[in-house]
Amino acid sequence: MEDIKKCGYLRKQKSMRKRYFVLRCPGTRGPARLEYYENEKKFRVAEGSGGPRGVLNLEEAFGVNKRSDAKKRHLLVIYTRDGGLGVSADGEEEQDEWYQAILEVQAQARALSSSPDAPAWPGPAFREVWQVSVRPRGLGQTRNLSGIYRLCLAERTLGLLRLRSENPSVTLQLMNVRRCGHSDNYFFVEVGRSAVTGPGELWMQVEDSVVAQNMHETILEAMKSLSEEFRPRTKSQSLSSTPISVPSRRHHPNPPPPSQVGISRRSRAETPIENSPVPKPHSLSKDYSVQSPEEEEEEKGARVETNESSADYGSASSDEYGSSPGVLEAPVFLPPSPGPRETNYISMALYGRRSLVMEPISTNANVPAEEGSRLTLFQEEDNYAMMGQREPRQETGYMPMLPGSNRSQDYMPMTPTSISPPAPVEMAGYVMMSPLGSCSPEIERLSWPPSQEVSAGSSDSHASDYMNMWSLSRSASSTPPPQEAFLSSPGGPCRVPASYRSLPRSYKMEPQPSARASCSSSSDSLEEVNAGKNRRPLSISIDSWNTGTLSGNYRRPPSPGEYVSIHFRAPPEEDLREGSHRCPKRVRFHGGAALGDAQRGLHGNGLCASQNFTTSCKNERGTGNERGKCLQTCGEITAGLGEDFLGEGLLGCR
């Protein structure tokens, strides 16, 4: 009986049945323990005959705490590695007596265990211990911490200890706790980046909302006491007279990067500010109270995380509880200005160079002096890259399509009335589709009418599959001087404009071996001009022309034969000789010459000439009436084919 410290009736927490509890001190009869019997009578009988109904070894207990829940207001909870025990007293005074007695017995047990042969004590005593069920949410899921744990609150730490485990599974510093709260029977803790688990939340379920509220209040008190302890340490003695400027914790439209925030914060701290207001400390219940999900998201966005070596909570507690004076002002962000070779800087400006690979300055004839200096400076910078556009070029994506506007080198004129030839083609293998071709004004000066004469009819005119669709009528081209003609006299070749020389090969015509050449007409509308004057051709022959002005006089290979020639064919010559001597009013396209088939039959030169026709009529056998019919036939041919056609370089019947 000498080892009994205290005895009396208490109720068990779960069953709420009264039991007779006996608190024994460590000694020769056993270690410090808490025994309970069914009643006092059984205890007296068991003193000599039997043992207690239950025993709790206090040397294995790592927490003894006062609690209260919805049903029992005066609880004592003792936690061990394997389990625990909770008892309820009748009043607060009785609760305090048992609590103090258990702590004294534990202190005696620690004193005895300090001897070398004594067993090791399970570790430092915790201020508070709660049995919780960590839910698979947040860090409980990502760190695989779900299950039954003991949440142990020490002086500076908060640990999670599994059942039948000697060491805590996770130990969180109170300085790393950003906030905590409870909702119904759930209690959550949010930690920052400095925690061993990383940033996130831990959600724990307890018996009821009263226990959750008790956990909330107890941990907040520990955090508050810890923040008060850290308060004098956050201010250095050298800066005691200089208040620390704290930026406003409001939302910024464009938050700067962390590096710029740090630079601006140091620059403000170096400047002394007088009469700076000191923010009032905020209450703990306001910042760490339970909020709705919408309010929590707003609170998360409004908080500013500071990168201090102490911890996330240390910095947050300084801001929350006003541990250091500060000035609430709008931060001024000053980005650093590194040297030319200090960092690998990539400029994203609008006007800059496009790539690191640049041509030598000597090869760029069109580069201005300012740009040349920029290129020279750029070659000295190894790690510098400009991602913008070229500086001299300030186009907005607009391409002028008018004939008289200034054109760049890669501009292609699309108007048939443009007489000035474009710039020379610089890309190999490129075929200009413009009717004005690619003749360079620097290489060849064009005049109207041209000095070069090109004959119609080409032997290799069928080597190209290109068809000219541009009409040379007066309504679609600039009108040359009327006194000049494109087609020569009967003995000379046909003249073509000098702009034709810039066309692809399919527009050039080589001279025919025959002495006389004729130009065909494929225009749908034949216009009349002043009689007695030479006339320019109304269209170009469908047959191809030779290329002469493309770079390198490039000749395209023969066409595989996609082109299909559609032309009018005249009746056989035998039918014409046997039948009437009248020349049919048909024109056949052949090598760029228009022939009257009947006249071709009467005379071999293929021309409906008056003197030749008259000679053939004289040589014709028959009476004078037949010769008159032959002469009449020539006049009808003249009227049928039209004066425009017979006047375009062909000798008509006169």
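Cβ atoms are placed via backbone N, Cα and C, with glycine included.
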Looking at the ranges 43-46, 219-222, 327-330, 411-414, which is given as motif 'YXXM motif 4' in Swiss-Prot?
411-414
I'm validating the feature mapping. Which of 22-25, 110-113, 210-213, 398-401 is tagged motif 'YXXM motif 3' in Swiss-Prot?
398-401
Could you give the mean pLDDT over the motif 'YXXM motif 4' (411-414), rounded to a whole number?
65
